[in-house]
Amino acid sequence: MARDKIGLIGSGQIGGTLAHLIGLKELGDVVMFDIADGVPQGKSLDIAQSSPVEGFDARLAGTNSYEALEGAGVCIVTAGVPRKPGMSRDDLLGINLKVMEQVGAGIRKYAPDAFVICITNPLDAMVWALQKASGLPAKKVVGMAGVLDSSRFRYFLADEFNVSVEDVTAFVLGGHGDSMVPLVKYSTVAGIPLPDLVKMGWTSQARIDEIVDRTRNGGAEIVNLLKTGSAFYAPAASAIAMAESFLRDKKRVLPCAAYLNGEFGVYDMYVGVPVVIGAKGVERIVEIELAGRDREAFDRSVAAVQGLVDACKKIAPDLLDR
């Protein structure tokens, strides 16, 4: 049986890590794309040369042409630039919007049936722009944010309680930024909700609040430590979980930036919510009940995303015609 073909658009730190994980998990053959000549070719060759040691038979190739993505069943997009000192939000949006338009056109032409996962920041705005630019069905285009943010939340909770990360479940909703909403009441340890663990004396509400804040600033914490870059191992692993659920029709319930058109009272926006990912893409949006502070926090997060999308519409109004 032919292996699935996975296109990686962007061959930086996340792109390289994605390629290696795809090989290790035998998810399919990999085509790494980048505009920088030699970079995708060199990285794909380096990873391919690890295959005899690791024992995987996935084929890897590097390219500077979108044509090589033809027939890809999954495309994971990391292309774009990070925000640099002195760069305004609109500067970053303007640059990465152009990238999304180019990437969207390439996917539309050569991989129109692909399941597309966007990682480029600012995430919620870029995945919205990518879907508009590609013209792909909204259920086939998602943003990777919630899996990563929830993983960070789970890790911090497991560390706090000194238990296995496997026994911790958690959901982080909303935009991918400091307005994200870690849902304490829907987070559990072996099925026991966090509020109950506070009552049992396992921790205090003050510690939970600190962990929530650390989760919101999880990406910034790593940037501050690295000084010359940002996270790439955990973001790549998070995107792989999404791709694997699609390729293997696992129907996992994962928090992703998904297109909402009425769900949660949100229209024509990508916002982080729980979804079921299977062979058809986003097969269901899990519209959990939000009330009180959680609803207020979610609405604030949606408003922050709306601000980014509105800025995109002003910078690239032609996207609205697609």
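In case you wondered, yes, glycine gets a Cβ from its N, Cα and C as well.
Take the substrate site that Swiss-Prot assigns to Arg83, Asn121, Arg152: the candidate from Arg89, Arg108 listed for it is Arg89. Here Swiss-Prot has Gly10, Ser11, Gly12, Gln13, Ile14, Gly15, Asn96, Ile119, Thr120, Asn121 binding NAD(+), and the candidate from Asp29, Asp34, Asp90 in that same listed site is Asp34.
Cα of Asp34 (NAD(+) binding site) to Cα of Arg83 (substrate binding site): a span of 19 Å. Within 10 Å of its Cβ, the residue among the binding-site residues Gly10, Gly12 with the fewest other Cβ atoms is Gly12. Other Cβ atoms within 10 Å of the Cβ of Asp34 (NAD(+) binding site) number 21 in total over all chains.
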